[in-house]
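Novice: Following this message is one structure expressed as structure tokens.
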Amino acid sequence: MKGGYGIIKHYRKGGRYISPAACVLAAGGLFLFCTIFFKLLVYFNQPDVFGLNPLIGKFSDISMVTAAVLFVASYPQYVTGGEGKYIERFVRRRLFDPRYGNPLGFREGELLPPVKCRKINRTTFELSIKAVSCTVENLLKIAPVISSSISGKYKQYAAVSSEADEAFNSVTYRIEDVMIDKSLTVDSVEGLKSPDKTKIPIDTETFIDLKTSGSILVAGKTRSGKTTGIIAILLAVLQFWRDRHGSNVIIIDPKQAELSRIPHAVTVNSNGGAEPIMEKMKEFEATMKTRQEVLNRLSEETGNAVKWWDADMNPSFLFIDEYVALKSLFPKPAKGDGGYNLTSFEGSLKRIITMGASAGCFVIISIAEASVEEGGLPSMLKSAMTTKILFKPTVEEARLIWNSERLKALNVGRTYGAGDCWFSSTDGVHDTPGCLHFPNMEFEVYAELGRLMTEYYAPDE
Ligand SMILES: Nc1ncnc2c1ncn2[C@@H]1O[C@H](COP(=O)(O)OP(=O)(O)OP(=O)(O)O)[C@@H](O)[C@H]1O
């Protein structure tokens with residue numbers, strides 16, 4: 001309807017956007033009104049002076065049935081369509097109704113893009129908009145507009161990330177309750193225990209999914225909460241206990257700091273050389289190969305690809321603290337060095353990171369500076385690490401870790417405390433970075449880590 005109220009699929013400058021559901025509901029109301037009108041006519045024309053009562057009676061019945069059909073049709077949109085539909089309506093009105101400024105710059109008569117919103121969990125929705133009559137670039141820019149469009153009972157929700165699909169056909173926004181405190185506070189190590197050995201809890205809504213992700217890169221300035229955050233991960237992993245296939249939890253602390261005092265932690269030798277570390281990495285790699293062989297054999301026997309979590313295996317972790325400092329300890333390759341050199345170290349690490357996840361073997365690398373260039377993390381390793389965490393983030397550091405397109409929706413103005421981070425993982429839910437807080441652990445963290453490490457490696461009785 002040009003210039004009127006009925007714009008549904010096409011943009012009209014002089015019109016107003018009314019959702020299809022509202023149109024159906026309004027039509028239902030109109031038919032209901034007609035039904036009442038016809039019924040009253042019959043009522044007041046009891047003697048049927050004009051002989052029209054049977055005809056009006058028919059109209060009244062048809063109108064009543066139509067009203068009922070329209071009400072039923074609008075019901076799923078308003079009621080069963082649920083919260084996703086509620087958010088869709090706000091977003092459509094903001095983007096499609098000319099009175100709200102036309103942020104996507106539609107021209108007269110242009111087809112309006114489909115908008116779909118689905119609930120992911122208690123505090124998160126995923127909203128996607130097709131790049132119809134607008135570009136992906138423009139859609140990526142309007143995350144703040146989408147945040148401001150959501151009001152009513154979801155006014156505390158905002159678009160925290162936006163990402164274009166591979167084919168550049170649509171943009172998906174992650175809509176989250178940004179006011180709710182999702183952080184996990186635990187007063188004992190058992191609070192970090194996960195019922196599923198493939199899921200490591202981070203907050204009340206988020207976990208690292210080891211089925212879909214691989215090794216973990218942790219970056220952040222000093223005192224940002226890196227070590228505490230990684231310990232929270234290790235405390236969860238240690239409580240899955242050691243499997244019969246040589247799973248490990250190896251802590252490498254090249255700086256001989258607090259972590260090196262944890263039982264079974266590995267550090268440099270008395271000459272400051274990293275030989276013990278190299279040895280431990282080789283051991284970890286050998287176990288990884290043996291585990292993969294077991295899985296291959298099981299797969300051949302069953303005729304199906306057997307995954308580590310189905311093969312009685314628990315996750316195995318190698319944690320390298322202060323990666324850049326460790327790298328600097330290795331000498332360049334030289335004749336007769338027996339493989340103790342930077343090239344072998346990097347080669348071994350690369351193999352574990354790229355091939356380990358399928359055997360349930362994961363690496364956590366911690367770096368104090370996000371630099372991935374000279375002296376930092378080789379970019380190949382950076383792209384192979386599928387879970388990325390930046391504590392107390394700044395945009396400058398984040399750009400070294402993520403594609404800057406992925407950072408557009410993040411609230412860069414916020415101040416972050418220790419334990420706050422930007423987090424991404426290839427789990428289909430956190431593919432674009434979002435903000436979260438690592439567990440608040442109200443117990444002696446290092447003491448508990450030491451106790452669990454001792455128990456983990458205690459010989460079976
Ligand atoms: N998840 C958290 N919640 C609340 N406070 C935290 C959290 N993580 C760390 N902190 C606080 O921040 C301090 C620094 O944490 P942590 O030692 O883990 O940082 P770091 O980045 O590893 O620093 P460094 O590089 O100096 O070792 C801790 O002593 C603790 O008080």
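If you go along the chain as it appears here, the first residue is 1 and each next one adds 1.
Placement of Cβ uses the backbone N, Cα and C atoms for every residue, glycine included.
Note that the structure is a prediction, hence the values are computed from the model and not measured.
From TrEMBL, for reference:
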TRANSMEM  21-42  transmembrane segment
DOMAIN    203-400  domain 'FtsK'
BINDING   GLY220, LYS221, THR222, ARG223, SER224, GLY225, LYS226, THR227  ATP binding site
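Describe the structural context of these features.
Specialist: Proximity of THR222 (ATP binding site) to non-local residues of its own chain (separation of 6 or more, Cβ distance below 8 Å) is seen for ALA368, given in sequence order.
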Novice: For GLY225 (ATP binding site), what residues in its own chain, 6 or more apart in sequence, show a Cβ-Cβ distance under 8 Å?
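Specialist: When sequence neighbours closer than 6 are ignored, GLY225 (ATP binding site) has PHE391, LYS392, ALA418, GLY419, ASP420, CYS421, PHE438 within Cβ distance under 8 Å.
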Novice: Near ligand 1, which of the binding-site residues show up if the criterion is a Cβ under 6 Å from one of its atoms? Options: LYS221, THR222, SER224.
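Specialist: Among the binding-site residues listed, those whose Cβ sits under 6 Å from ligand 1 are THR222, SER224.
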Novice: Per 10 Å Cβ neighbour count, which of the binding-site residues GLY220, LYS221, ARG223, SER224, THR227 ranks highest?
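Specialist: For the binding-site residues GLY220, LYS221, ARG223, SER224, THR227, the Cβ with the most other Cβ atoms within 10 Å is GLY220.
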Novice: I need the neighbours of the ATP site defined by GLY220, LYS221, THR222, ARG223, SER224, GLY225, LYS226, THR227. Which other residues of that chain put their C-beta within 8 angstroms of the C-beta centroid, in sequence order?
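Specialist: Close Cβ neighbours, site residues excluded: ALA368, PHE391, LYS392, ALA418.
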Novice: So for LYS226 (ATP binding site), how many other CB atoms are inside 10 Å of its CB?
Specialist: 27
